[in-house]
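Colleague: Per TrEMBL, substrate binding site is recorded for MET41, GLY197. What TrEMBL lists as ATP binding site is LYS117, THR170.
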Amino acid sequence: MFEQIITNVRNNVPLVHAITNYVTVNDCANIILASGGSPIMADDINEVTDITAISSALVLNMGTLNERTALSMLAAGKKANQCGLPVVFDPVGAGASAFRKKLAYQLLEEIQFSVIKGNISEIKFLAAGEGKTAGVDACEGDKVTEDNLKGVADFAKEFSKRTGSVIAITGAIDLVADGNLAYAVRNGHIMMSRITGTGCMLAAVTGSYVGANPGSILKASAAAVCGMGLCGELAYKKLSQLHGGTGTYRMLLIDEMSRLNEQMLEEGGKYECF
C-alpha cells in the first residue's frame, strides 16, 4: 500500500523546515533525520521566508507559542504556499487559551495546509470550536473508539473537503482522511503517551514523508502515522528486553524510525481503508 513512500524519503533527503516548540525541538530534529529527511529549525522572522524557500516541506507546531513565533509561522506558511510546498500544521492545544484560539483560526484562514494533524479535541475545535482540550491532550469524551469510528471518519472527510487538507486525527485509533478516503490505523503503544513529544515527532515525520512525496499527500501522511505507531510497538519490545524506562523508550523510538523500511511497514502495518 505504501510502496516507494519511505524509499523516496531515503533517496531524496527532503529538507524539512520545522517551526516547532522548544520542549520537543531536539526530538523533532532527530526523528526527521531518522526518517531520512534533513531538519532545519529556523524561527526568526528575519530568515524564515528564505529558509522556507529552499525547503521541501514546512511544519508549523503551536506547542510553545509566543508573538514572535506566531509572526514567523504566518510568514513561513504564506511563503510555502507561494512556492507550492507541502505544509503540515500541528495545532497543539488549540482552544486551550484565547491566544491559541486566535492564532489557530488565523493560520487556518491565511495558509493553505496540506496536512492538519492533531488529537480529536484539537481537530474538533478547529472545525467547529467544540473540542474540549485538556492542555495538549484530548478530553475523554472526545476520543475515537470502535463505536464512533465511522462517524469520526465522516467528520474528518467533511473537514478535509472544507479545508482542502488531509486530516490526521491521532489517538488509540488514528484516522487519516481526505475528502474521499479514510485510513484507520491501529498501530502504536500506550508507552508513546508517557513521553513528551510523540505527537510533535509525528508531525515532523509527516513533514519528511510529504516533502519527499508531494504528489501523494494522503498516502504519505497515512504511512507516517502507521510507521510512527509501528516504531512505538517495536521500541516497546526492545524496552521490555532491556528492562528500561521512559528515557530509554524515547531513544529506542528514534532508533526504530531510523531502521524503518517499506517491508517492515507492509508486514507490521495495521490499517484499513474506507
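Yeah, the Cβs are placed from backbone N, Cα and C, and that goes for glycine too.
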Colleague: Once near-sequence residues are set aside, which residues in the chain of THR170 (ATP binding site), 6 or more away, have Cβ atoms under 8 Å from its Cβ?
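Modeller: Listed in sequence order, they are LYS117, GLY118, ASN119, GLY199, LEU202, VAL225.
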Colleague: Can you name the residues of this chain that are 6 or more positions from MET41 (substrate binding site) yet have a C-beta less than 8 Å from its C-beta?
Modeller: HIS17, ALA18, ILE19, THR20, VAL25, CYS28, ALA29
Colleague: By the count of other Cβ atoms within 10 Å, pick out the sparsest of the binding-site residues LYS117, GLY197.
Modeller: GLY197
Colleague: Where does MET41 (substrate binding site) sit in the DSSP three-state scheme?
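Modeller: MET41 (substrate binding site) sits in coil per DSSP, no helix or strand.
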Colleague: According to DSSP, which kind of secondary structure is THR170 (ATP binding site) found in, if we only use helix, strand and coil?
Modeller: strand
Colleague: Which three-state DSSP class does LYS117 (ATP binding site) fall into?
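Modeller: The three-state answer is strand.
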